[in-house]
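Input: a single structure, listed below in C-alpha cells.
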Amino acid sequence: MEEEDKIEENTVSLLVDSSSGGGGESRWVDGSEVDSEPAPQFSVEETGSKDGYGSVRRRLVKRPNRLNSLDVEAMEIASAQGHHSKDASIWYTLALAFQTLGVVYGDMGTSPLYVFTDVFSKVHIDNEVDVLGALSLVMYTITLLPLAKYVFVVLKANDNGEGGTFALYSLISRYAKVNMLPNQQPADELISSFRLKLPTPELARAIRIKDKLEKKGTLKTMLLLLVLMGTSMVIGDGILTPAISVMSAVSGLQGQIKGFGTSAVVIVSIILLIALFSIQQFGTGKVGFMFAPVLALWFFSLGSIGIYNMVKHDISVVRAFNPAYIYLFFKKNTKDAWSALGGCVLCVTGAEAMFADLGHFSVQSIQIAFSFVVFPCLLLAYMGQAAYLMKNPESPSRVFYDSVPESLFWPVFVIATLAAMIASQAMISATFSCVKQSMALGCFPMVKIIHTSKELMGQIYIPVVNWFLMIMCIIVVSIFQSTTDIANAYGIAEVGVMIVSTALVTLVMLLIWQSNLLLVLCFPLVFGSVELIYLSAVLSKIAEGGWLPLVFASFFLCVMYIWNYGSVLKYQSEVREKISMDILLDLGSNLGTVRVPGIGLVYNQLVQGIPSIFGQFLLTLPAIHSTIVFVCIKYVPVPVVPQEERFLFRRVGPKDYHMFRCVARYGYKDVRKEDHRIFEQLLVGSLEKFLRKEFQDLSLERNIEFEYNNSVLVSSRDPEVPCSYGAYDLRTPLIQDKISEETETSAPEQAVSALPSSVMSSDDDPSLEYELSALREAIDSGFTYLLAHGDVRAKKNSFFLKKLVINYFYAFLKRNCRAATANMSVPHMNILEVGMTYAV
C-alpha cells in the first residue's frame, strides 16, 4: 500500500502554458486531483475568509493554481449543518426507549427460555449451592457485560450516532488511513459528519499509534481481519438466533400436548421459520409495527412471573447477590461448572444489538430502556426460575414453562412465540445491515438490495442473503433437533463478537478519546478477561456443536477478505495503467476523433487520473461525446453524506475539452437511488453549479488583480499616495518603476488572454453562457454510460496461492455477483461496455 501511494504522487505534474492560458495559469496534465499536488493549496479553513476576497487575494500573492473545484465544493460544505442531531426532549427519548424494546432487546429478552435449561444440562442440582451459584453467575454476567460494558462505555464509541463493528472501523479509518483502498482525499474531511476532534500533538501516544497503523501494512490487514471476523460472527448469529429462539418457544408444547415429541417440534419450527423469512420482503416497518408492544408485554410477563415464583416458592434466592456463591459453585462442581459457563453466557445473547442498532435510536433511549425495564425484568425472571428450582430440582429441562401458572400457559406461550420471532427478526435485519455496510466498504460482492421504507433508509431487504439464512436455519434445526446443541454453537458466535468489539473500542480509547492510560488498560483487562474466560468455556464444546459458527464465520470471512483483496489489487492495477494527460493534449480538443452532442459518463474507480478504459473507448468508438464526465462512485467512512455534499467536480484539461471529473461520495448507510434519471439530474445540477461558481471565482480574481495593478501604478507615479497593505507588501523599490511600466503595457493583453481562445470574445466574456448552452445541448442529446467489464488475472510469475485466489475464487465471485449495469436501471441501448483484463 505504501508503494501505491507513491505511484499516486509521482504521476502528478504541472504544465505551464503561457501562450494560451494567459498569465502563467497552471493546468493539470493528468487530470489529477488537487489533494495529491505538492504545490501550496488553500482550503476554506486556511484562508479564514467567507466572502471570498481574502481567499482569492492569497491565491494571487502565492500564485498557486487559480481554481480548485474541490475548494468550490468545500465552500458549500463548510456551512452545512450536521444531520444526526436528535430531539433531546424527554418525551421523545422515552418514546424511542419504548421502541427499542421491540428492535434491540428481543434476543436478550427471550434468553430466559433456555439459559437454565442449558446450564443444568451440565450441572446436576444436588443442593442450593448449585442453584444460587448459577443464579449469581447469570446476575453478574448481565450486570458486567451489557450494563457496565455496553451501556456505560461502548455506546459512547458511536460513529455520529451509528454503531456496530463497521461503524467502529470507519471511525478509526477517519483518524488513521487504515483503509486498504487508497482513495482517500483531504476533501472528504470537509464532510459535515466527518469533522471530528483530531488527535492533539501534545498526546504523543495517539500520534505514535496513528503512525504505526498508517505505515504498517500488516497492522492494517490485521485490523481488517478483526473487523471481518466480528461481522462474520454477527452473520452467524443471524443463522443461529432464529433457530434457537423459535425452537425454544415451540418446545413448550412438548409437556402440554400428548404425543408432541421432538419430530413435531422440528416440523413446527421449520414451518414458522419459513413463514418468518417469507415475510421479510414486505419490510420491517410493515411486519413489525407491533414489535414494541409485544416485547413490552413479554418483559412485563417475565417480571410478574418472576415475582410470583419468588413469593410462592423461595424468596431467599436474593442471597445470590452475594458473589461468594460463584466461588462455592465452582468449588463444588469444578469441571462441570466450567462447562456450564457456556450456558450461562447465553443470558447476554443479543447484547451486541444494543450497539449495532444504535443508528435507529439514541444513546439515551437505549440506556433508559435497558436500565429501567430490561435489566430488572430479566433479573426477576431468573430469580423466579431459581426459586422454582429450589423446590423442584428435578425439572430444569422445562423450567420456564413449568414455572408459569397453569392458567396462564397458553397466553404466555403465544407471547413467547411472538417474542422469539421478533428476536429473530431483529437479527435478520442486523445481518442485512452488516452485508450492506460490508459492500459499501468493498468487503462483500455486490448483491441486490431492496429498500422497503421510504422514510427509514435503514430498513432494507436482501433476497439472496434472506433465502441463504432460511436454508441454513432449516438445516441447523433438522440436524441438531435440540436447543442444547444449538446453544453450544450460539455461545461461540456471541462471545466472538464481544471480544472483537472490546478490541476495537480499546483502540478508539487510545487513538481518538485519548483517555488516561490506566483507564484504557482497565477496559480490556476487566471485560476482556471475562470474555476470554467465557470463550475458553464455549470452545470446549466444539465437538458438541460449537464447530458450526466457526464454519459459518470462516466461510464469510474468506468470502469478504478474498473480495477485498481482489478489489484492492484491481484498483492498484487501474492506477498503474491510467493515461497521462499529455496524450490527450497531443490529440487536441477533439480527442483524435469526432465529438458528437451528448454526455458520456465514464464509470471508473479512480479519484484522480484518466482511467485506461477511456483509451479503449477512444480506440474503439468512431465518435465520442461532446461532454465527458469521469464518474467515480466512492464510499467514505461516514454513515451518511448529505445530498448537498454528494458531488465533487473539477475540470480535466483545458476548457474546450469539456471534460470533467465527478466524485460521487456515499456513506456506508446511504441509499443509492437505482433510478438513473434521479442520479443524472443531481449530477447535471451539480455540474451547472460548479460552472457558475468557477466563472464567479475567475471573474473575482481578475477584478482583484486589476485593482492591485492599478494600485501599484498609482504608487509608482506619486510616492505621496499611500498604498494598500497588499501592494506595500509586494512593492520592491529597486524594481518599482519597471513593474509600473510593464503593468501599463501588459494589463490589456492579460485581460484578453485570460480565457482559452475557443471561448473568448473581444467585447464580452461569453465563456459561461457558451459552456452552459453546450451542456444543455448535450443533455438534450441524452446520456450514455461507458462501462468496463473488467476481468482480473494473476500474473504468470505469481505464487500458487495468489493464482488460486484471484483466478478461481475471486473470478467465481465476480461472475456470480450483481453486475454494475444491474445497479442502475439504465436502458441497455444507453450502455456501452468494453472488456478489460487486469494483470495483478
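Any Cβ shown, glycine's included, is placed from N, Cα and C.
Residues annotated as domain 'K+ potassium transporter integral membrane' in TrEMBL: 96-585.
Per TrEMBL, the feature domain 'K+ potassium transporter C-terminal' maps to 597-839.
Per TrEMBL, region 'Disordered' is recorded for 1-51 (among others).
Look at TrEMBL and you will find 741-763 (among others) tagged as region 'Disordered'.
Annotated transmembrane segment per TrEMBL: 89-106 (among others), in sequence order.
The transmembrane segment annotation in TrEMBL covers 131-152 (among others).
Outside the transmembrane segment (222-245) by six or more residues, the chain places 107, 110, 113-114, 164-166, 168-169, 172, 178, 180, 213, 269, 273, 276-277, 349-350, 352, 356, 420-421, 423-424, 427-428, 430-431, 434-435, 437-438, 443, 469, 472-473, 476-477, 480, 483, 486-487, 489-490, 493-494, 496-497, 500-501, 503-504, 507, 548-549, 552-557, 560-561, 564 with a CB less than 8 A from a CB of the stretch. Taken from TrEMBL, the feature transmembrane segment applies to 222-245 (among others).
Per TrEMBL, the feature transmembrane segment maps to 257-277 (among others).
The transmembrane segment feature in TrEMBL is assigned to 289-311 (among others). If one looks beyond the transmembrane segment (289-311) by at least 6 residues along the same chain, the residues whose Cβ comes under 8 Å of a Cβ in the stretch are 98-103, 105-106, 109-110, 112, 317-318, 373-374, 376-385, 387-388, 403-405, 408, 412, 415-416, 418-419, 422, 425.
According to TrEMBL, the transmembrane segment annotation covers 337-356 (among others).
Positions annotated as transmembrane segment by TrEMBL: 368-388 (among others).
Counting only same-chain residues 6+ beyond the ends of the transmembrane segment (408-435), those with a CB under 8 A from a CB of the stretch are 102-104, 106-107, 109-110, 113, 164-166, 231, 234-235, 237-238, 241-242, 245-246, 248-250, 252-253, 256, 272, 276-277, 280, 284, 287-288, 291, 294-295, 297-298, 301, 305, 350, 353, 356-357, 401, 444, 447, 458-462, 465-466, 469. According to TrEMBL, the feature transmembrane segment maps to 408-435 (among others).
Among the features that TrEMBL reports, transmembrane segment is placed at 456-480 (among others).
Under the heading transmembrane segment, TrEMBL lists 486-510 (among others).
Under the heading transmembrane segment, TrEMBL lists 517-539 (among others).
TrEMBL lists 545-563 (among others) with the feature transmembrane segment. Sequence-distant neighbours of the transmembrane segment (545-563) (same chain, 6+ residues past either end, Cβ-Cβ under 8 Å): 224-225, 228-229, 231-233, 235-236, 239-240, 438, 442-445, 472, 476, 480, 485-486, 488-493, 496, 538-539, 805, 809-810, 813.
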Requested in this report: Could you tell me the mean pLDDT over the domain 'K+ potassium transporter C-terminal' (597-839), as a whole number?
Outcome: 74
